[in-house]
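Peer 1: Below: one structure in structure tokens.
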């Protein structure tokens, strides 16, 4: 405990200049606050003194001296819902980082995922596959600003948000002088930036699913499926996990950047879609090699770089936690790519470019829920396990199941997401993310997501199947979707 002595000199100066009294009045202790920030601590010492005079001067005194104790300003209560704050409280650095992260995550879908998927299909379906990502981006953007954002990121009930932000009502764009609206999860950036950042997550999640039924689904059915799935599956699960009032969040389920909300959700839905729509013509009988692995490698590289916005941006600020999330993302991705490559090398005798980039994506998926909660050790283990598990999911498990998950959405995203979600419960550190991990709690979140996502996705697809129809005709599939559905092709 530190102490400082405050000396105050007070006395009579009326008659004799040579007469002075000096008196030590009192001592007051100061508090020392210790703040823990990731791997090292910084001790901040708050100090000050309170000085006051107690001896009363004679009535004939010319003047008296008093000092007023300094009272610390009360800390304002933490926000519990979106609201207005003074514009000068917005952090320019945090805002710049989050705007950059938003661009990086959008880059993951267009062109990252679009190129990644396009390179893995046959040439006759390349443009149709790219159209899936482009159309999904457009549809979800409109749904998000009209309804999705409000239903996810307002308190409402534990199961679904309210209509408070319908059509972005209440989101301030400098309408009120000197004030801006912010969301309580990111109180140092404008709410417009926060909702745009979250929009990019809502975009890429259904776009991931399209890889499971590539080369055989009607484009009209795809558009309706994406719309219904976004509102009926993505929105509720995102609210449960990411909105503080959500029921899974209240139970302590940890998901820093979307292992459950994005990857398990999309992966399970992809498997259900592959089963209901059925395999491609000739699946298991004829070769269906990727037509351009260069596009796939470029797309995977864009995904890798964009993922720094995905994970580090989920910190909501340009701070140490964002830096740690970026570091562990890189480490886990590299570890997973190496693990996949080595397993493939041992089993097939040769490492492949497709294997390396698939392993990298598996690592990116697995570290996503953990990136704001784990240290270097956790990242290394998560990456290694993800590389091996996802290789098994995309090869052996797929072979045993006999299903045609065209671009391994389940094998990479569902398996990788489950690995990451469970190991978050093992390696999460309270000193990093403010919460202890629980394997049982994480497993509960995984099971709930798998069941809900699977059942509702099946219901949506069943309704579309009996009304609009899901598949193109056999003739269209043989000819290729580029010409048959879009009237264009790659030379």
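Just so it is clear, glycine is given a Cβ too, placed from its N, Cα and C backbone atoms.
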Peer 1: Tell me which of 5-27, 28-50 corresponds to the transmembrane segment entry in TrEMBL.
Peer 2: 28-50
Peer 1: Could you check which of 376-394, 471-489 is flagged in TrEMBL as transmembrane segment?
Peer 2: 376-394
Peer 1: Please identify the stretch among 96-118, 262-281, 293-310 with the greatest number of Cβ pairs below 8 Å relative to the transmembrane segment (322-343).
Peer 2: 293-310
Peer 1: Over the span of the domain 'Ammonium transporter AmtB-like' (96-488), how high is the average pLDDT in this prediction?
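Peer 2: That stretch averages a pLDDT of 97.
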